[in-house]
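**Q** What TrEMBL records for this protein is below:
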- Glu294: active site, proton acceptor (ACT_SITE)
- Tyr381: active site, proton donor (ACT_SITE)
- Gln132, Cys133, Gln134, Pro264, Tyr265, Gly266, Gly267, Met268, Glu269, Arg561, Met562, Lys563: peptide binding site (BINDING)
- His293, His297, Glu316: Zn(2+) binding site (BINDING)
- 461-605: domain 'Peptidase M1 leukotriene A4 hydrolase/aminopeptidase C-terminal' (DOMAIN)
Amino acid sequence: MSSDPCSFSSFARCVTKHLNLSLHVDFDRRVIKAKVELTVEVLEDRFSALTLDTRDLKVISVSANGQAATFTMGPKHSFKGTPLEITLPFDLSRGQHVIVEVTYETSPSATALQWLSPEQTAGKKQPYLFSQCQAHHCRSMIACQDSPSVKHTYYAQVSVPKELVAVMSAMRDGQEVDPQDKSRIVYKFRQPVPMPSYLIAIVVGALESREIGPRSRVWSEKEYVDKAAFEFSETEVMLKTAEGLAGPYVWGQYDILVLPPSFPYGGMENPCLTFATPTLLAGDKSLSNVIAHEISHSWTGNLVTNKTWEHFWLNEGHTVYLERMIGRCMESEQFRQFKAMGGWKDLQDSVNTFGSNNPLTNLVPSLQDVDPDDAFSSVPYEKGFALLYHLEELLGGPEVFMGFVKSYIQMFAYSSVTSEEWKNYLFTYFKDQVDVLNKVDWNAWMFTPGMPPVKPQYDTSLADACIALSQRWIKAKDQDLSGFKQSDLKSLSSHQVVEFLSLLLQEDPLPLTHVKKMQDVYDLNSFMNSEIRFRWLRLCVRSRWEEAVPMALKMATDQGRMKFTRPLFKEVFNFDKFHDEALRVFAAHRAEMHPVTAGLVAKDLKVDAKVSTSL
């Protein structure tokens, strides 16, 4: 079995089959007091020791089949955490199972957990907790084999104050008053489908839910819940569309949880309970992309999983491919082509940011001594999609290639895969077209940094209007500005407005006169769609429009989605006159930001860890 450079756990020697969790959520101390029982299957004879991943956990005791086991904590690693070395009081042989029980407490600074004070929530009255374990943060919440190569079922009991509700990435299995403390409730959950540790998720808050379909509810604080129910009303249609493409949905329930604004991602595909950012609730279709993406993960990522984070493109490239196939079914092939073109531009941005020789722009990067958080970008998503789209063109078109994707999902369901195994299956499935596959420059696609060796020719019909309008603005002289009209934008969909602004961001900054005129004519300041607003504010700051700076910093701090927060801070930081203002605002808001977001913005703004606390 290949090793995982991001994990200490000994999964070549044993694998976890099931986790039984008891969690007691303590908001006053911002810790979870916990016990985990791991059902471990032994893979070798004379087995008597195992290693689990932990990070900032206070381990109190360890036992095996009810007998005390000795344990030591290894040296602490900067991002991998601390190996928990356990010696069993007996020997086991291959094929036997042992139940290893670890009693521990999380740290208030656990990287998987964000504790929000009541002020940071929509309701302002109750505290809130949410987890984000991908990629390697589960170990700060649970002592486990924290590698996507290991898949297990889980059962959990979660004790919380009775004013609050707990939900997890699992099926709800009832609740009862906590027998130890009448002021608390224990919520129970079961996850019968084996899944990797990074998909374990928990949320505790003043939550309400609404039914939005036969197998779906939306959860959030009551301030958002009705709006969310309205916005996510197409969920069942999308699920059915995905099932038509990829096969049956195996997870039972498909609920959506709308998190507080500090959630760092657009969405997270936790099984049975997709997490979504409230920046999606803008009253238009920007939301459907994120939900189509997270629904697609139910097959590619959750059911078939990358074996290590080096093969992350298997999760994300296939998911983007499936998401765009859903878009094709629900909108049109032109729409899929348009989204693919936008994705190619996102890929160019990532490659430019990292540098075209940076090995992290490989489709399959080496993560030896690399923090997976630092490697996160649109490369696995869009370079992965581009490879699949290129293969689709070579092998007979979307229907033919979707047949392969569906077959690949059936073949590797419930397991974890490497790029090598994926490629071997591709050659097996298309055994009549091996000559075509052998012409693909696999090394350039997978193991070479920078842009892919082939740029697909996407259909530009929906993009042409965006290109034409952006070119008019780029070429306009001051005397031409009176020719622009409000109607220029009226004929474009919100997806096209995003594209128009993206095209302008790829060029030299527009003169300030132009940006001011754009505001006069189109009133872009009034747009609430976060994808549009984000690009518009970047454009304004880049053209040195001082009035836009407070709006850009407000957007960077009102929500914590990294895709928006990091570039907005960077734009203001690069505007010399407001360099110090960017640092000041970051310092003022750092404490309420998600730890991953705060760490990455600090890197972007070159804030030294020592300095930041005193700012």
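Placed from the backbone N, Cα and C atoms, the Cβ positions cover glycine too.
A TrEMBL annotation is a machine prediction, not a hand-curated record.
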**Q** If you measure Gly267 (peptide binding site) to Glu294 (active site, proton acceptor) at Cα, how many Å is it?
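**A** Here the two Cα atoms lie 7 Å apart.
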**Q** List which of the recorded positions Tyr265, Glu269, Glu294, Glu316 have their Cα within 10 Å of the Cα of Tyr381 (active site, proton donor), in sequence order.
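**A** Checking each Cα against Tyr381 (active site, proton donor), the hits are Glu316.
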**Q** Spatially, and counting Cα to Cα, which of the binding-site residues is closest to His293 (Zn(2+) binding site)? Options: Gln132, Glu269, Met562.
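**A** Its closest listed neighbour, by Cα, is Glu269.
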**Q** What mean pLDDT does the predicted model reach across the domain 'Peptidase M1 leukotriene A4 hydrolase/aminopeptidase C-terminal' (461-605)?
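**A** It averages 95.
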**Q** Largest pairwise Cα distance, Å, within the listed peptide binders Gln132, Cys133, Gln134, Pro264, Tyr265, Gly266, Gly267, Met268, Glu269, Arg561, Met562, Lys563?
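**A** Across Gln132, Cys133, Gln134, Pro264, Tyr265, Gly266, Gly267, Met268, Glu269, Arg561, Met562, Lys563, the two farthest Cα atoms sit 18 Å apart.
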**Q** How many whole Å apart are the CA atoms of Glu269 (peptide binding site) and Glu294 (active site, proton acceptor)?
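**A** If we compare the Cα positions of Glu269 (peptide binding site) and Glu294 (active site, proton acceptor), the gap is 5 Å.
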**Q** What's the CA-CA gap between Tyr265 (peptide binding site) and His297 (Zn(2+) binding site) in angstrom, rounded?
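**A** Pair distance, Cα basis, whole Å: 15 Å.
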**Q** Please work out the number of neighbouring Cβ atoms within 10 Å of the Cβ of Met562 (peptide binding site), leaving out its own Cβ.
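**A** There are 19 such Cβ atoms around Met562 (peptide binding site).
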**Q** Between His297 (Zn(2+) binding site) and Gln134 (peptide binding site), how far is it from one CA atom to the other, in Å?
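**A** Their Cα atoms are separated by 13 Å.
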**Q** Using DSSP, how many residues of the domain 'Peptidase M1 leukotriene A4 hydrolase/aminopeptidase C-terminal' (461-605) fall into helix, strand and coil, respectively?
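**A** Each residue of the domain 'Peptidase M1 leukotriene A4 hydrolase/aminopeptidase C-terminal' (461-605) counted once, the result is 112 helix, 0 strand, 33 coil.
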**Q** Do any residues at least six apart in sequence from Gln132 (peptide binding site), in the same chain, have a Cβ closer than 8 Å to its Cβ, and if so which, in order?
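**A** Long-range Cβ contacts: Ala112, Gln114, Ala201, Phe263, Pro264, Tyr265, Met268, Phe275, His594, Val596.
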**Q** Residues near the Zn(2+) site, His293, His297, Glu316 excluded, by Cβ within 8 Å of the Cβ center?
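**A** So the additional residues around the site are Glu269, Glu294, Ser296, Thr300, Gly301, Asn315, Thr319, Val320, Leu322, Glu323, Tyr381.
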**Q** Rounded to a whole angstrom, what is the C-alpha distance between Glu316 (Zn(2+) binding site) and the residue listed as 'active site, proton acceptor'?
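**A** The separation of the Cα atoms works out to 10 Å.
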**Q** Using C-alpha atoms only, work out the spacing between Met562 (peptide binding site) and Glu294 (active site, proton acceptor) and round it to an integer in Å.
**A** 17
